[in-house]
């Protein structure tokens, strides 16, 4: 990543981001100097909102039905948490956009709440299962919580940005647009972890599809969870794509440096759509007939009420 316009104790908004938005600079630590940058910021904030809201319908559905432990696949939750944890660590090490790091922190915390609820219903329903599954859940929760604190350690995210150099963005790049900027050792580690994250995201949907097919029911699974995740991932990916490259960095180099996070967001859209239609097929013809009208799938249990 380019370190042009390094933010030091002598640096200030006027010298480092002369045409930028002050609230973006002060609130998010980014330099947004044109409409493209601002569109990226707004889409990023909207994606965070979608992800925050997406978990709430599942929490409600779980409390209402009390069968979260059978409705959701434990491997779906574990792979999701593993992907989010790698996403967080990779974003931090690879110097991704601040909004990407903030989003990743929320991912991990929301996953931990989901796993905590799963464990609660697993115990309260007294479902016989091997103890090793709950041990794995506990271990992954600890690892996920530790990962969520990683960017907050030391001097925090903002200080990390200061020490590594503020990456002011510009539409006009001084380097050859076709050249790929070299990775630093730290970025290589972050890129590798981010790549693992994208693989885990792609694999996480398969266990839930199998669980839906095996149960022949989608009761206890919120369709709004997947609908809002699809919307959030779309805006997240567009937010990254719209952001201007670093000064001295070409468009191609920028895309390569962000490739794992683009795959992890936009690449999972097709799988999320497959899961949605899989859930619709399990819900039956009546559930399918409501898709064009509501854009969301309503389960048989809700229709019966």
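The backbone N, Cα and C atoms fix where each Cβ goes, and this holds for glycine too.
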Where TrEMBL places transmembrane segment among the ranges 39-60, 259-280: 39-60
Contacting positions for the transmembrane segment (220-241) when only residues 6+ beyond its ends and CB under 8 Å are counted: 40-41, 43-44, 46-48, 50-51, 53-55, 57-58, 60-62, 65, 67-68, 70-72, 97, 99-100, 103, 208, 212, 255, 258, 261-262, 265-266, 268-269, 272-273, 275-276, 279, 295-299
Leading stretch by Cβ pairs under 8 Å, where the reference is the transmembrane segment (188-208) and the options are 39-60, 72-92, 104-121: 72-92
